[in-house]
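Per Swiss-Prot, disulfide bond is recorded for 2-35, 4-28, 18-36.
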């Protein structure tokens, strides 16, 4: 998992935005990818 502050999310490698269809409500940038949350949408 990854963290956006204290929020746990799912790390997506080599993406700069969250993939659709998972119900993500937000994200933050991480090294070589993006962290999308919530972790269990």
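Just so it is clear, glycine is given a Cβ too, placed from its N, Cα and C backbone atoms.
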Item to complete: Among the disulfide-bonded residues 18, 28, point out the residue whose Cβ has the most other Cβ atoms within 10 Å, with all shown protein chains included in the count.
Response: 18
Worksheet entry | Site with most surrounding Cβ atoms, counting all protein chains shown within 10 Å, from the disulfide-bonded residues 2, 35, 36 | 36
Response to the item:
Within 10 angstroms of the C-beta of residue 4 (disulfide bond), the count of other C-beta atoms across all shown chains comes to 16
